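A short worksheet on the structure shown next.
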Amino acid sequence: MSGDIIDGKAFAERLRQRVAEAVPQFVETEARAPGLAVVIVGEDPASHVYVRSKGKATVAAGMASFEHRLPDTTSQEELIALVEQLNLDDAVDGILVQLPLPAGIDDKAVIEAIDPAKDVDGFHVANAGRLAVGEEGLVPCTPLGCLMLLKDRLGDLSGLEAVVVGRSNIVGKPMAQLLLQQNCTVTIAHSRTRDLPGVVRRADIVVAAVGRPEMIRGDWLKPGATVIDVGINRIAGEGDRTRLVGDVDFESARQVAGGITPVPGGVGPMTIAVLLRNTLVAACARAGIAPPAGL
Ligand SMILES: NC(=O)C1=CN([C@@H]2O[C@H](COP(=O)(O)OP(=O)(O)OC[C@H]3O[C@@H](n4cnc5c(N)ncnc54)[C@H](OP(=O)(O)O)[C@@H]3O)[C@@H](O)[C@H]2O)C=CC1
Ligand SMILES: Nc1nc(=O)c2c([nH]1)NC[C@@H]1CN(c3ccc(C(=O)N[C@@H](CCC(=O)O)C(=O)O)cc3)C=[N+]21
């Protein structure tokens, strides 16, 4: 037996299409395009690749993209001053500060400087708090993308056992909140969890957000489980090439799972599609108009 591959890339393309179809209505009533500002500090090549692909996707959806590239000598004060300028800029609906930031800059101080109404990453404490108490707010892109894939595949999630491996503020915790909101019975596992394989084996839904290449194996899974692999790990491949793998050992897991997201082509493309969705949702909220249905 071999489980289905959950095609995040194809789902993400359809979501991007729906966003692109809804943008002209916004442009019509507001006489401007929704705008996303992406700020990157430093020279990390992989981060620059992500930022470029975000910019291209933004423009392809009919939205305005503002890229700010700062040298790694930028101080925290300078970065916060830029964020404050973007907060006041009416053409900017969404602000994303690419993480990680160079050593010496406090991620938290920078994130808290973003206007929560423009926090399309959903990382600001105001948005994290809203998610925790069930109020409307901007939801982190990666977990929301994972939830969309799960609902598309499983329908109603009520009563299902969900295990989220990882408890970061950007993936694991908000993922657990979203699954709880869907009436799953949620367990959050982390580096101090005892008997991780035993915990994972209870799950109907496994979300892996650990940052350890191919850690979760097929023999840890309940047969038929749905596996969402958030991990993005670049490891040595053949010769001097590298390859991208997830936090799940895809080959062994696929033998046992009912469905599984691949890496690449799973959660990663969803993150970018949801970023566009969040930008349009933020733009509508700022303009005082209803968000498009079905996003
Ligand atoms: N697809 C996408 O769009 C995105 C992908 N990612 C990827 O997702 C992964 C997770 O990212 P992120 O949440 O930021 O990572 P963090 O490093 O912030 O968090 C990792 C979590 O995994 C836990 N952990 C580490 N080792 C183990 C272990 N051996 N057993 C059990 N738990 C463990 C840690 O536990 P503890 O808290 O105890 O230290 C921590 O809670 C990474 O591979 C990252 O690249 C991230 C963001 C977006
Ligand atoms: N403020 C902030 N917000 C983020 O959302 C954020 C961030 N910082 N820092 C870095 C991480 C990582 N991240 C990814 C986005 C898309 C893919 C993606 O599209 N991946 C492709 C493969 C890309 C490749 O081949 O390298 C895939 O999985 O198919 C991956 C990872 C967003 N992040």
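Heads up, the Cβ atoms here are built off N, Cα and C, so glycines get one too.
What TrEMBL lists as domain 'Tetrahydrofolate dehydrogenase/cyclohydrolase catalytic' is 6-121. The annotation domain 'Tetrahydrofolate dehydrogenase/cyclohydrolase NAD(P)-binding' is assigned in TrEMBL to 140-284. Taken from TrEMBL, the feature NADP(+) binding site applies to G166, R167, S168, I232.
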Query raised in the report: In the domain 'Tetrahydrofolate dehydrogenase/cyclohydrolase NAD(P)-binding' (140-284), how many residues does DSSP call helix, how many strand, and how many coil?
Result: 57 helix, 30 strand, 58 coil
Report summary line: Near ligand 2 by the Cβ criterion (under 6 Å), the binding-site residues from G166, R167, S168, I232 are I232
Report task. Determine the C-alpha span of the NADP(+) site listed in the record, that is the greatest distance between any two of G166, R167, S168, I232, in Å to the nearest whole number. Result -> 16
Report task. Identify, in sequence order, the residues in the chain of I232 (NADP(+) binding site) that are 6 or more apart from it along the sequence and have a CB within less than 8 Å of its CB; answer 'none' if there are none. Result -> L244, G246, V263, G268
Report summary line: G166 (NADP(+) binding site) has its Cβ surrounded, within 10 angstroms, by a count of other Cβ atoms equal to 23
Query - Other CB atoms within 10 A, centred on S168 (NADP(+) binding site) - result: 16
Report summary line: Residue counts for the domain 'Tetrahydrofolate dehydrogenase/cyclohydrolase catalytic' (6-121) under DSSP, helix then strand then coil, are 62 helix, 18 strand, 36 coil
Query - Tertiary neighbours of R167 (NADP(+) binding site) (same chain, Cβ under 8 Å, six or more apart) - result: K173, A176, I188, H190
